[in-house]
(Lines of atoms letter the chains of each structure in order from A and count residues from 1; the text may use other names and numbers.)
(Lines give C-alpha, C1' and ligand atoms only; values in the text may rest on other atoms or scores of the structure.)
Protein backbone atom coordinates (compact mmCIF):
# COMPACT_ATOMS: atom_id res chain seq x y z
CA UNK A 1 0.00 0.00 0.00
CA UNK A 2 2.81 2.39 0.89
CA UNK A 3 4.55 1.57 -2.37
CA UNK A 4 1.40 2.29 -4.36
CA UNK A 5 0.85 5.57 -2.51
CA UNK A 6 4.44 6.68 -3.10
CA UNK A 7 4.14 5.82 -6.78
CA UNK A 8 0.93 7.82 -7.07
CA UNK A 9 2.49 10.85 -5.38
CA UNK A 10 5.52 10.74 -7.65
CA UNK A 11 3.29 10.57 -10.71
CA UNK A 12 1.52 13.73 -9.57
CA UNK A 13 4.73 15.72 -9.14
CA UNK A 14 5.70 17.94 -12.08
CA UNK A 15 8.91 17.02 -13.83
CA UNK A 16 11.33 19.18 -15.75
CA UNK A 17 12.34 17.66 -19.07
CA UNK A 18 14.05 20.71 -20.53
CA UNK A 19 16.66 23.34 -19.74
CA UNK A 20 15.99 26.46 -17.67
CA UNK A 21 16.91 28.92 -20.40
CA UNK A 22 16.58 31.87 -18.02
CA UNK A 23 19.64 30.55 -16.16
CA UNK A 24 21.67 29.85 -19.29
CA UNK A 25 24.05 32.68 -20.15
CA UNK A 26 23.46 32.39 -23.90
CA UNK A 27 19.90 31.07 -24.21
CA UNK A 28 18.66 33.74 -21.82
CA UNK A 29 19.45 36.40 -24.44
CA UNK A 30 17.33 34.83 -27.17
CA UNK A 31 13.59 34.43 -27.70
CA UNK A 32 13.90 30.67 -27.99
CA UNK A 33 11.69 30.20 -24.92
CA UNK A 34 8.76 32.12 -26.45
CA UNK A 35 7.93 30.01 -29.49
CA UNK A 36 7.29 26.46 -30.58
CA UNK A 37 9.95 25.30 -33.02
CA UNK A 38 9.18 22.69 -35.63
CA UNK A 39 9.20 21.87 -39.30
CA UNK A 40 8.78 19.22 -41.94
CA UNK A 41 11.07 18.18 -44.78
CA UNK A 42 9.77 16.11 -47.69
CA UNK A 43 11.91 14.03 -50.03
CA UNK A 44 10.88 12.11 -53.13
CA UNK A 45 11.95 8.49 -52.82
CA UNK A 46 10.11 6.85 -55.75
CA UNK A 47 7.78 5.20 -55.65
CA UNK A 48 7.31 6.53 -52.13
CA UNK A 49 7.55 9.90 -50.41
CA UNK A 50 9.64 10.28 -47.27
CA UNK A 51 8.70 12.87 -44.70
CA UNK A 52 10.73 13.97 -41.67
CA UNK A 53 8.93 15.92 -38.93
CA UNK A 54 11.09 17.75 -36.39
CA UNK A 55 10.13 19.31 -33.07
CA UNK A 56 12.30 21.27 -30.62
CA UNK A 57 11.68 22.63 -27.14
CA UNK A 58 14.81 22.97 -25.04
CA UNK A 59 13.42 25.60 -22.65
CA UNK A 60 11.50 24.50 -19.60
CA UNK A 61 9.77 27.90 -19.45
CA UNK A 62 7.82 27.24 -22.64
CA UNK A 63 5.16 24.53 -22.82
CA UNK A 64 4.83 23.31 -26.39
CA UNK A 65 3.76 19.74 -25.66
CA UNK A 66 0.60 20.33 -27.65
CA UNK A 67 2.63 20.52 -30.85
CA UNK A 68 4.85 17.51 -30.18
CA UNK A 69 4.32 14.59 -32.60
CA UNK A 70 2.26 11.76 -31.16
CA UNK A 71 5.09 9.26 -31.59
CA UNK A 72 7.56 11.29 -29.48
CA UNK A 73 8.25 10.93 -25.78
CA UNK A 74 6.79 13.59 -23.47
CA UNK A 75 10.24 13.96 -21.91
CA UNK A 76 11.85 14.85 -25.22
CA UNK A 77 13.47 18.22 -25.77
CA UNK A 78 14.03 17.36 -29.43
CA UNK A 79 12.35 14.73 -31.54
CA UNK A 80 12.25 13.56 -35.13
CA UNK A 81 9.77 11.28 -36.84
CA UNK A 82 10.35 9.73 -40.27
CA UNK A 83 7.41 8.38 -42.23
CA UNK A 84 7.08 6.87 -45.69
CA UNK A 85 3.96 7.00 -47.84
CA UNK A 86 3.10 5.18 -51.06
CA UNK A 87 0.63 6.65 -53.55
CA UNK A 88 -2.92 6.08 -52.39
CA UNK A 89 -1.85 4.57 -49.08
CA UNK A 90 -1.43 5.85 -45.54
CA UNK A 91 2.04 6.76 -44.36
CA UNK A 92 4.04 4.37 -42.23
CA UNK A 93 6.32 5.56 -39.43
CA UNK A 94 9.78 4.09 -39.96
CA UNK A 95 11.89 5.98 -37.45
CA UNK A 96 11.37 7.85 -34.17
CA UNK A 97 14.37 9.74 -32.78
CA UNK A 98 14.04 10.83 -29.14
CA UNK A 99 16.42 13.36 -27.60
CA UNK A 100 15.59 13.60 -23.90
CA UNK A 101 17.04 16.04 -21.37
CA UNK A 102 19.75 13.48 -20.58
CA UNK A 103 21.61 14.21 -23.84
CA UNK A 104 24.61 16.53 -23.86
CA UNK A 105 23.74 20.14 -24.70
CA UNK A 106 26.20 22.63 -26.20
CA UNK A 107 25.12 26.17 -27.10
CA UNK A 108 27.17 28.68 -29.10
CA UNK A 109 26.63 32.07 -30.68
CA UNK A 110 27.76 32.56 -34.27
CA UNK A 111 27.50 35.49 -36.65
CA UNK A 112 24.74 33.76 -38.61
CA UNK A 113 22.69 31.91 -35.99
CA UNK A 114 22.28 30.50 -32.52
CA UNK A 115 23.96 27.08 -32.59
CA UNK A 116 22.63 24.19 -30.49
CA UNK A 117 24.30 20.77 -30.50
CA UNK A 118 22.57 17.77 -28.94
CA UNK A 119 24.67 14.62 -28.72
CA UNK A 120 24.35 11.17 -27.25
CA UNK A 121 20.74 10.23 -28.02
CA UNK A 122 20.16 6.49 -28.00
CA UNK A 123 18.39 5.04 -31.04
CA UNK A 124 18.50 1.30 -30.77
CA UNK A 125 22.14 0.31 -30.83
CA UNK A 126 23.11 3.61 -32.46
CA UNK A 127 23.94 7.05 -31.06
CA UNK A 128 22.45 10.11 -32.75
CA UNK A 129 23.67 13.71 -32.73
CA UNK A 130 21.91 16.85 -33.93
CA UNK A 131 23.35 20.22 -34.97
CA UNK A 132 20.56 22.78 -34.86
CA UNK A 133 20.87 26.38 -36.04
CA UNK A 134 18.29 29.03 -35.19
CA UNK A 135 18.43 32.02 -37.53
CA UNK A 136 16.70 35.31 -36.82
CA UNK A 137 13.64 36.26 -38.85
CA UNK A 138 11.33 38.69 -37.09
CA UNK A 139 8.22 38.05 -39.18
CA UNK A 140 6.21 34.85 -39.10
CA UNK A 141 6.20 31.95 -36.69
CA UNK A 142 9.28 30.23 -38.10
CA UNK A 143 10.04 27.39 -40.48
CA UNK A 144 12.55 24.67 -41.29
CA UNK A 145 14.83 25.94 -44.07
CA UNK A 146 17.42 23.16 -44.26
CA UNK A 147 17.54 19.49 -43.30
CA UNK A 148 20.38 17.12 -44.11
CA UNK A 149 22.16 14.06 -42.77
CA UNK A 150 25.96 14.27 -42.84
CA UNK A 151 26.08 10.54 -42.05
CA UNK A 152 23.94 7.87 -40.40
CA UNK A 153 24.37 9.41 -36.96
CA UNK A 154 24.49 13.18 -37.47
CA UNK A 155 21.70 15.43 -38.68
CA UNK A 156 21.89 19.15 -39.43
CA UNK A 157 18.80 21.34 -39.18
CA UNK A 158 18.40 25.06 -39.83
CA UNK A 159 15.30 26.85 -38.53
CA UNK A 160 14.47 30.47 -39.32
CA UNK A 161 12.11 32.51 -37.17
CA UNK A 162 11.73 34.96 -34.27
CA UNK A 163 13.06 32.34 -31.85
CA UNK A 164 16.54 32.96 -33.28
CA UNK A 165 16.40 36.69 -32.53
CA UNK A 166 17.87 38.45 -29.52
CA UNK A 167 15.55 39.81 -26.87
CA UNK A 168 15.20 43.55 -26.48
CA UNK A 169 18.05 44.89 -24.43
CA UNK A 170 20.52 42.32 -25.75
CA UNK A 171 20.95 43.68 -29.28
CA UNK A 172 22.64 46.87 -30.52
CA UNK A 173 24.18 47.56 -27.15
CA UNK A 174 26.68 50.39 -26.95
CA UNK A 175 29.33 51.09 -24.38
CA UNK A 176 26.85 52.77 -22.01
CA UNK A 177 24.38 49.88 -21.80
CA UNK A 178 21.57 51.64 -23.70
CA UNK A 179 20.05 50.97 -27.10
CA UNK A 180 20.67 54.29 -28.84
CA UNK A 181 23.68 52.95 -30.79
CA UNK A 182 26.02 55.67 -29.55
CA UNK A 183 28.55 55.98 -26.80
CA UNK A 184 27.31 59.29 -25.42
CA UNK A 185 26.41 59.29 -21.75
CA UNK A 186 25.61 62.97 -21.24
CA UNK A 187 28.83 64.12 -19.64
CA UNK A 188 30.92 67.13 -20.63
CA UNK A 189 33.09 65.05 -22.95
CA UNK A 190 30.09 64.56 -25.28
CA UNK A 191 29.49 68.30 -25.77
CA UNK A 192 30.40 69.75 -29.14
CA UNK A 193 33.13 72.40 -29.15
CA UNK A 194 32.18 76.01 -29.79
CA UNK A 195 33.04 77.59 -33.11
CA UNK A 196 36.21 79.03 -31.68
CA UNK A 197 37.31 75.67 -30.32
CA UNK A 198 36.69 73.40 -33.33
CA UNK A 199 40.34 72.46 -33.55
CA UNK A 200 40.77 71.97 -29.83
CA UNK A 201 43.28 74.06 -27.93
CA UNK A 202 44.90 76.68 -30.14
CA UNK A 203 48.69 76.76 -30.40
CA UNK A 204 50.38 79.65 -28.70
CA UNK A 205 51.97 82.44 -30.71
CA UNK A 206 55.47 81.36 -29.74
CA UNK A 207 54.89 77.97 -31.32
CA UNK A 208 53.98 79.55 -34.66
CA UNK A 209 57.05 81.80 -34.61
CA UNK A 210 59.33 78.88 -33.77
CA UNK A 211 57.91 76.83 -36.63
CA UNK A 212 58.48 79.71 -39.04
CA UNK A 213 62.11 80.05 -37.95
CA UNK A 214 62.70 76.31 -38.41
CA UNK A 215 61.41 76.42 -41.98
CA UNK A 216 63.50 79.50 -42.71
CA UNK A 217 66.62 77.76 -41.43
CA UNK A 218 65.89 74.66 -43.53
CA UNK A 219 65.45 76.67 -46.72
CA UNK A 220 68.60 78.67 -46.03
CA UNK A 221 70.59 75.48 -45.50
CA UNK A 222 69.27 73.91 -48.72
CA UNK A 223 70.04 77.00 -50.79
CA UNK A 224 73.53 77.26 -49.29
CA UNK A 225 74.21 73.60 -50.08
CA UNK A 226 73.02 74.05 -53.67
CA UNK A 227 75.21 77.13 -54.04
CA UNK A 228 78.30 75.29 -52.77
CA UNK A 229 77.71 72.28 -55.04
CA UNK A 230 77.13 74.36 -58.17
CA UNK A 231 80.09 76.65 -57.50
CA UNK A 232 82.43 73.74 -56.80
CA UNK A 233 81.30 71.94 -59.94
CA UNK A 234 81.75 75.01 -62.15
CA UNK A 235 85.30 75.47 -60.89
CA UNK A 236 86.27 71.79 -61.32
CA UNK A 237 84.13 70.59 -64.22
CA UNK A 238 87.22 69.79 -66.29
CA UNK A 239 88.86 67.94 -63.38
CA UNK A 240 88.31 64.68 -61.53
CA UNK A 241 85.89 63.81 -58.77
CA UNK A 242 88.65 64.25 -56.20
CA UNK A 243 89.16 67.80 -57.43
CA UNK A 244 85.44 68.47 -57.01
CA UNK A 245 85.44 66.96 -53.53
CA UNK A 246 88.42 69.03 -52.40
CA UNK A 247 86.88 72.19 -53.84
CA UNK A 248 83.54 71.46 -52.14
CA UNK A 249 85.20 70.75 -48.77
CA UNK A 250 87.29 73.93 -48.96
CA UNK A 251 84.31 76.11 -49.88
CA UNK A 252 82.12 74.50 -47.21
CA UNK A 253 84.81 75.06 -44.57
CA UNK A 254 85.24 78.67 -45.61
CA UNK A 255 81.47 79.20 -45.63
CA UNK A 256 81.07 77.67 -42.18
CA UNK A 257 83.97 79.75 -40.82
CA UNK A 258 82.64 83.03 -42.20
CA UNK A 259 78.98 82.32 -41.41
CA UNK A 260 79.06 83.65 -37.81
CA UNK A 261 80.73 86.88 -38.94
CA UNK A 262 78.24 87.19 -41.80
CA UNK A 263 75.30 86.66 -39.48
CA UNK A 264 76.73 89.23 -37.06
CA UNK A 265 77.07 91.83 -39.82
CA UNK A 266 73.52 91.20 -41.04
CA UNK A 267 72.16 91.50 -37.51
CA UNK A 268 74.15 94.69 -36.97
CA UNK A 269 72.79 96.25 -40.13
CA UNK A 270 69.26 95.38 -39.12
CA UNK A 271 69.74 96.91 -35.66
CA UNK A 272 71.44 100.02 -37.04
CA UNK A 273 68.73 100.44 -39.63
CA UNK A 274 66.08 100.36 -36.90
CA UNK A 275 67.99 102.85 -34.76
CA UNK A 276 68.48 105.24 -37.68
CA UNK A 277 64.81 105.21 -38.58
CA UNK A 278 63.94 105.86 -34.93
CA UNK A 279 66.33 108.80 -34.72
CA UNK A 280 64.97 110.18 -37.96
CA UNK A 281 61.67 110.69 -36.26
CA UNK A 282 63.06 113.56 -34.10
CA UNK A 283 63.70 117.08 -35.43
CA UNK A 284 66.43 119.42 -34.25
CA UNK A 285 65.36 122.54 -32.38
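Here the Cβ of each residue, glycine as well, is placed from N, Cα and C on the backbone.
Since we're looking at a predicted model, the values are computed, not measured.
The compositional bias 'Acidic residues' feature in Swiss-Prot is assigned to 177-188.
Secondary structure at residue 59 (disulfide bond), as computed by DSSP, is strand. Annotation comment: Swiss-Prot describes 21-59 (among others) as disulfide bond, evidence class sequence analysis.
What Swiss-Prot records for 72-79 (among others) is disulfide bond, and it gives sequence analysis as the kind of evidence. DSSP assigns residue 79 (disulfide bond) to a strand in the three-state reduction.
In the three-state DSSP scheme, residue 136 (disulfide bond) falls into the strand class. Residues annotated as disulfide bond in Swiss-Prot: 136-165 (among others).
The average pLDDT the prediction assigns to the domain 'MRH' (19-167) is 92. According to Swiss-Prot, the domain 'MRH' annotation covers 19-167.
The region 'Disordered' annotation in Swiss-Prot covers 168-204.
According to Swiss-Prot, the feature signal peptide maps to 1-18.
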Residue with minimal Cβ packing [other Cβ atoms within 10 Å] among the disulfide-bonded residues 21, 59: 21
Between residue 21 (disulfide bond) and residue 165 (disulfide bond): CA-CA distance (Å): 14
